[in-house]
Amino acid sequence: MSDFKVKDDTSWLDNLRVIATIGVIFLHVAAPFLYKFTKISGFNWWTANVYDSLVRFCVPVFVMITGALLLPKDYQLNDYLKKRVARIIFPFLFWIAVYSIHILFILKKGFELPIFKMLTISSSAFGYKITYHFWYIYMIIGIYLFIPIISKWIKNAKENELVYFLVIWLIAVLIALPIFSNYIPDFNLKYFGGFIGYIVLGYYLSVRNFENVKHIKTISLLIFASGVLLTIFGTYFLSTYNGHFRIDLYTYFSPNVILAAVGLFLFIKHTNSTNSTLKAIRKFLNKHSFGIYFIHMLVLYYLNKYGLNGAVFGPVFGIPITTIACLAISSLLIFLLKKLGLEKVVG
């Protein structure tokens, strides 16, 4: 198909992964302020709202990258399960152990707890209660298990069939939103819903040739900006109306977040970076991004414990400074752990 073109150079996807990795940390540093709506100064809340809204694309973009990289490939099921799924499972089990040990023996003083209590705390790891960012790993494992199946369809699907799937997915996620769900009959479109739509969207946008579209970078930026602005002001108005922070427009399936993710994805796809320093930083962070995701909450905990968090210097400066510090420490720790021979288990 003339409008489909697989790019040999996937460095733009590396750029996206690094941006999304930074976005996740940024989001987690800013988040505590948002739940203090009416309890902190309006300026501080607005700062966190703007920052958080700017990076809400992070998880959708991670999933879109997965679709762009994995869906075009052919797989032998056994080899795929051994190689691809194992790359997630082993680091996941390692970090469950790390966080469990941290909670049991550092935070909870596990040696002083009855054995039943210790087992209860440890088992909570598999319900991702041990640290809330592990929900993403459970989700991505499910996505990985489905990829060998959907990739068969992807390789044989025509463009109009991909667009059809994406349109139904968009309808499914929209009618699931609380603002619509009470007024629209239940069409039971759940089979089209969820993150599976993002992997198809990521694949479609990666292979779709937009080079004949004039001003594609400007259009992409406008799409991104519209999504971010809808998140910022929509969240403020909903929170003001209800008298407390409303997370509705922060969810990963809200139309504004989808817009921001699509806009950023297309903008980075059509942007070439030639700066050698930035390329070196990208290469380093990209190599360690999975491990950074696992460890960053632990690093944020200790940064906060020793006095560095988004509130230091005020959120305008505190949130970016804490994000940069966490990114630097997390990437360095993962680098060192890999040097110690733990490359297969740290991510």
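Positions of Cβ are set from backbone N, Cα and C atoms, glycine also.
Record features, source TrEMBL:
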DOMAIN    11-333  domain 'Acyltransferase 3'
TRANSMEM  12-34  transmembrane segment
TRANSMEM  54-72  transmembrane segment
TRANSMEM  84-107  transmembrane segment
TRANSMEM  132-150  transmembrane segment
TRANSMEM  162-183  transmembrane segment
TRANSMEM  189-207  transmembrane segment
TRANSMEM  219-238  transmembrane segment
TRANSMEM  250-268  transmembrane segment
TRANSMEM  288-304  transmembrane segment
TRANSMEM  316-337  transmembrane segment
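Cβ atoms under 8 Å from those of the transmembrane segment (132-150) belong to residues 24, 28, 59, 62-63, 66, 70-71, 75, 77, 80, 84-85, 88-89, 92, 95-96, 99, 125, 195-196, 199-200, 293, 296-297 of the same chain, restricted to positions at least 6 beyond its ends. Mean pLDDT for the domain 'Acyltransferase 3' (11-333) in this predicted model: 88. Using the rule of three or more Cβ pairs under 8 Å, pairs at least 6 apart in sequence, the transmembrane segment (54-72) is in contact with the transmembrane segment (250-268). Between the transmembrane segment (219-238) and the transmembrane segment (250-268) there are at least 3 Cβ pairs closer than 8 Å, counting only pairs 6 or more residues apart in sequence, which means the two stretches are in contact.
Residues 4-7, 13, 60, 63-68, 70-72, 139, 143, 146-147, 150, 154, 162-163, 165-166, 168-173, 175-176, 252-253, 261-262, 265-266, 269 of the same chain lie 6+ residues outside the transmembrane segment (189-207) yet bring a C-beta within less than 8 angstroms of a C-beta in it.
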